[in-house]
């Protein structure tokens, strides 16, 4: 961490070279800024227009020069312009005042809602928590979403990869998780939009307002802070906006002592931005053109996402897989840090099973008897083996029909279909679209429900009674209602 009144603060340097987003700046002897210090350039360009940008020092070159990466466009910069050392890293606003607001990488509000009502800021660079500060005992983070809690449970203070194409329900799942942590855990969320489409960022903001996650009338009642560095922005912004969002989350954990959800969409773009500036910084490219510091860059970000004795940051990261190649260095490096994967499946979404989480592809390191207990583990494995058997039988059913199956296989198919339907669930944030009240299902209710289905206790209930409900009691009530209506 940089001292509060560094000797280099206010030192003026001169821009000597501009190559795309990278600047070389010369400072007086003995007054070089430190690595990660922010430099501020405020001047007029050749057309007489104001130029204002912030750059972050990345390298000390010798000959009193430093090399810095700009956080915004370098159009209009010319050699000879003045750059001032701020004496500290980029700092962003933190605390309750950030909720319901949208920020850029520098912590400046970009939502036209006026200035942020806080003087509390924090630098975006800091050390990961020490081992002695960490909560090392694995603890399941209950989401209230049946398919996740049963088959791929999240670890409190862990990291989850969210895989899924366009239109399969990533955003709705993210919104529901934000809603549930606010209601059930009294926690807040931070959303880091890293290198994704501007339209998606705007759509997400509007959907948050519609679903009540952001309260437009009283921002203090909002449950999420947003930090965007979009696809059209320079690589410097995309490379650092994840750290800006993480810094906001760390304040809620360490100072407010809350459980925080940190969403990063998309973690691949963070790596991509690093590779864009790597060559300009004079580093030799590594495998597939990525930066040689790939492992360090990802590790520095991921190790700060942790559960401490004060509170936890549970991170859910959308992971783009280039050309569906899981061996690509970017996703491969990310996978090493993940505790769980939630895979969204288009085939399930097309069947109307929401959330469209694939029960066979999703996985978690938490799903072991020593952590979740024997009953949970046995139930989860029984659900997966039933669904796997159903998947194997689908080709036979498609060709020969159900009647050609053995009695045991027919029973397996019947129960698997009920299990598949029961894995669906109405969401609070989708109430305005579905007209159905959302459901938060406790883990013990989830386990009890699936046990009853697999034990054959509900074989006489119609399949449709299991669709889009919460607990197993609602299934029974729905079945009774359906029976009464059919008379």
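Just so it is clear, glycine is given a Cβ too, placed from its N, Cα and C backbone atoms.
Lifted from Swiss-Prot, the feature list:
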BINDING   164, 165, 166, 167, 168, 169, 170, 171  ATP binding site
### Extra residues within 8 Å (Cβ to Cβ centroid of 164, 165, 166, 167, 168, 169, 170, 171), ATP
344, 349, 356
### Message
Within a 10 Å radius of its Cβ, which of these binding-site residues (166, 168) has the fewest neighbouring Cβ atoms?
### Response
166
### Query
For residue 170 (ATP binding site), which residues of its chain lie six or more apart in sequence with Cβ-Cβ distance below 8 Å?
162, 164, 265, 318, 344
#### Entry: Packing count at residue 167 (ATP binding site) (other Cβ atoms within 10 Å of its Cβ)
11
### Query
Judged by the number of other CB atoms within 10 angstroms, which among 164, 165, 169 is the least packed of the binding-site residues?
165
### Task
Under 8 Å Cβ to Cβ from residue 171 (ATP binding site), same chain, six or more residues apart: give me those in sequence order, or none if nothing qualifies.
203, 204, 207
